[in-house]
């Protein structure tokens, strides 16, 4: 009763581990006796017919590489009712009954629309920001965390040698998870996230002065992208404390790199689960991780869930940082 | 009602992230208003009085380093009733009411015995093997996984260039978790673990031949230490398939290295939780991770839990590997 | 006839490998039968008496860490005749006859002045920029090159997945060596250095269009800090080519990190050579590398040498990049 | 007057940076207006016609990967006069006038023989061992050095935590360069190389005891593969000193991995130089590095040069290690 021919695409910002998800979709599909297409450059590939039939060897030796071997791109045309219909027609023409979409919330809205046009779709959460409400974990998150941490470990060397304060901006526009976890892992004096307002005097200046009294001479402050004003904040800190302060914006480096084990393994499990869902005739589902379990939700419900910030972890982080 | 003075020690094999746990114990204890001692070289430090009082700065800049800044060692003397009594007497003399023990099952048996002699003890699971039944996760496991994976990624370069088969032995004497997860992450053709018997013809030779028919020309096989006979197996594979085969034993490299973010963050959370337990007057507990939650169990109960191998993940791994 | 008591300091911007140089100075000095002091925070330590006597164990396990265990700082006071005299007086008081100064050109000017006040000084080139004329190699350069390369390798993953152009600014205010070598190593489409003027149309736009005609869809452009205007340049590229373009400034991450083998080995050789010079009664010399040989020059002559940019390598880089 | 059509192959053991050399040959050849073939699996590709015409894009995005995208293999058939003639005939048939051979001494003997059969050949030194007499540097050497160093840095964490001695075997059958440089970079207590005989009591036991008296409690000993008996030596050390000792053989991990900047840049320069030689009508030359210069020698002369071990560096290493 499930799909006999499926396709897989990556959409939105790329994330390390997307290749492991694609590989798992292709290999699982073949092991279930399905045909499987790779769709190039997100939904665009369904609009301009840029797909290729995949076999066991098509996905060899891609898992260890960052980025996505299927490429990704925005698709303004697909964001119209005509675009969705055109994509669905293309799928029917090719015999594609199910599509696995690896991406973020925006990509899942596309998947929901494509379901509405008669093609079974399964979403797989792939984005470094961990900003998808229904899942504890998104593919790419662990690699981005480790990249940010390793870069701040390097910055710490020079910060410490010069008795300075370094203010480091990490990714996370709406979601402070990268900042919070990286902050704990590098022993940041303070961590600023979009979910929690901060008081400059109490949360930064007074903490630095208290630490200084215990003998501390160098400081790391981690700021999520969504908090912003990193350069300005840095100057303010230097003015208020007299400690030489420098800003660094880590930027796109955080998106790339060979995926960590966790990203490869979770992506493999999620890709497998997505195909199992299609094989069982499911549609309009998004794969998610809860604790160590792989589960799934209705896409529309998932898109409406509120994201919950881990306030408790935030409080622990404050205890450890002075 | 909780302890006013506590101590922390690391025991058994070292694991990356132990320093983050020690740091979290020290900083949390001070933030709760406790005094805290660092005990050198495991239980030995309690026998020969080798402890040092810790302040906020004692644990600065240790979190990013592998190994344990408190050192570790076996302690045959402590494994006697006289030894346990001597250690408990030393604690009482110093005013130490609670001890946090970071280590594996053997270390927890020591903690249980020290509880029996009147000192409150809390175990924190620190061992790269992930072989502690009560917890989904042990400190050092994620770093060991990533180290093993990165080393096999390197081996793959030469394996692929020469159209060879590489058989790689990873750590795990009783527990196949490192092998299973590493095998998925490197795309191993086959993974052998102590928990699941294997059939040489069906699980290795026939799989390699099936993959060869799809065009595959190089192979990685991951073997857990507890399965053993890696060199012999490698020669058997070469004889049975005609494919040039090489064995590598990764060895102690897997124990070291700067801890990954996950090891640093989980160790920080567990160290904090251990101090919170002592602060609340608890004793004879072991901290554990279930999904993404930090929980705790009675040590004696924890030591009697059976370890459960993830058979389902094992089956997924087989699907993806051809 | 040589010095019986010496000191070592690190000055100017920190660089990975400085610790290996300090270790080599301390261990070599002790093996020659000398006493040796570590001076804290550059020339400041000589002004405020912040020195510590070093033994074999003082420099254990520092070689693998970035930054400098002796710390570094600017010293406005030392940059006055009174400051130099005060430092020289302190040296005489402590019996310090020779000082090894690890740093850049500014630090060597200080060393020359201290020689003028009667203290034997030897400079060791430590700066990530490779901007010291007398030597082919400065300590920290190889680590900075590899860090920049690895970060651009990561940026490439996302650049490629999105068919973009990434413009990456690397360190090098007066010297294009980091940019030139990193550009070759990441296969940059174009590399801009302070030593060679460029023509926007010919060197960037036309090259990108020529490459596009061969099927290329993503581009890396490396820009040395000294060329500047990276954000502006990026916008100009996007406007001129229609290819989505992003700027990244790598920043202080390039200064830190565990030193590469080359930095550790060259620093060890240079530190040893510096002590040998002091042991032979030399003064006012700077240690340098020519090809694979360690040599030395008069500091004043060294400071007057013109830096030579490798035009030939620049031309090779252009041939390989389309 | 130079070659109009050339080919490139990789032969012998693979080495990181071979891909950068192949890329440089292909891109340089095209920029000189030549046609260029990639030959698969070493000399075998010339015997069984397994070559592919290369364009600018054929070598995109290979530079950052270890191993060789052209694969490599032994070729017993080519090691016969009939095999050489067959390969030369194939070249003539395809119009291939020149061949660039990336490999070690054995590969250069093949190149010399192919020259004898009328095809211009240029050797490029590619082998991790740095065991080619005519050149200061072979492609892959720097990556292997850094891999060995990073792995021993990891081993050090556990060695230090347990107060142990670790004996680590690194690659180098005839040549101690990897062991010598790695030994300096990890601060080895002793380094054993095939070029210098050692006295067990004087060079190991007495040194360890002397260091122990200064407070040292953990030890690294680096042994080149060509010295051998690593397990036996380890047991002897434990018996003689009473210090718990462990052996690790790093093995094939050292052959792989993303090439360091130095390997990518030197390989690029050497590949360019090889094509320039063919373009100028040269033949039977091997490219080499002397100091920072790229030079070339007659292959037959190069094969007869004696390798010189850096005795001076060996002596420096002994001074720094206690």
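The backbone N, Cα and C atoms fix where each Cβ goes, glycine too.
Annotations in TrEMBL come from automatic prediction, not curation.
As given in TrEMBL:
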DOMAIN    D:6-278  domain 'Phosphofructokinase'
BINDING   D:13, D:74, D:75, D:104, D:105, D:106, D:107  ATP binding site
BINDING   D:23, D:24, D:25, D:26, D:27, D:156, D:213, D:216, D:217, D:218  ADP binding site
BINDING   D:105  Mg(2+) binding site
BINDING   D:127, D:128, D:129, D:164, D:171, D:172, D:173, D:225, D:246, D:252, D:253, D:254, D:255  substrate binding site
ACT_SITE  D:129  active site, proton acceptor
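Shown in sequence order, D:11, D:12, D:42, D:103, D:110 are the same-chain residues outside D:13, D:74, D:75, D:104, D:105, D:106, D:107 whose Cβ sits within 8 Å of the Cβ centre of the ATP site. Note on residue D:129 (substrate binding site): other Cβ atoms within 10 Å of its Cβ, all shown chains, come to 24.
Residue D:105 (ATP binding site) sits 20 Å from residue D:25 (ADP binding site), taking the CA atoms of both as reference points. Secondary structure at residue D:104 (ATP binding site), as computed by DSSP, is coil. Proximity to chain B (CB-CB distance below 8 Å) holds for D:255 among the binding-site residues D:25, D:74, D:255. According to its DSSP assignment, residue D:23 (ADP binding site) is helical. Taking the Cβ of residue D:25 (ADP binding site) as centre and 10 Å as the limit, one finds 32 other Cβ atoms among all the protein chains shown.
Rounded to a whole value, the Cα-Cα separation of residue D:104 (ATP binding site) and residue D:246 (substrate binding site) is 33 Å. A 10 Å cutoff on Cβ-Cβ distances gives residue D:253 (substrate binding site) a total of 25 other Cβ atoms nearby, all chains included.
Applying an under-8 Å Cβ distance to chain C, the binding-site residues D:74, D:105, D:217, D:253, D:255 reduce to an empty list. By neighbour count, meaning other C-beta atoms within 10 Å, the densest spot among the binding-site residues D:104, D:106 is D:104. For the pair residue D:27 (ADP binding site) and residue D:127 (substrate binding site), the C-alpha distance works out to 22 angstrom. For the pair residue D:246 (substrate binding site) and residue D:217 (ADP binding site), the C-alpha distance works out to 14 angstrom. The average pLDDT computed over the domain 'Phosphofructokinase' (D:6-278) stands at 97. Every protein chain considered, the tally of other Cβ atoms within 10 Å of the Cβ of residue D:107 (ATP binding site) stands at 26. Under DSSP, residue D:246 (substrate binding site) is assigned to a strand (E or B) in the three-state scheme.
Between the binding-site residues D:75, D:127, the minimum number of other C-beta atoms within 10 Å of a residue's C-beta occurs at D:75. Using Cα positions, the member of the binding-site residues D:23, D:74, D:107, D:213 nearest to residue D:129 (substrate binding site) is identified as D:107.
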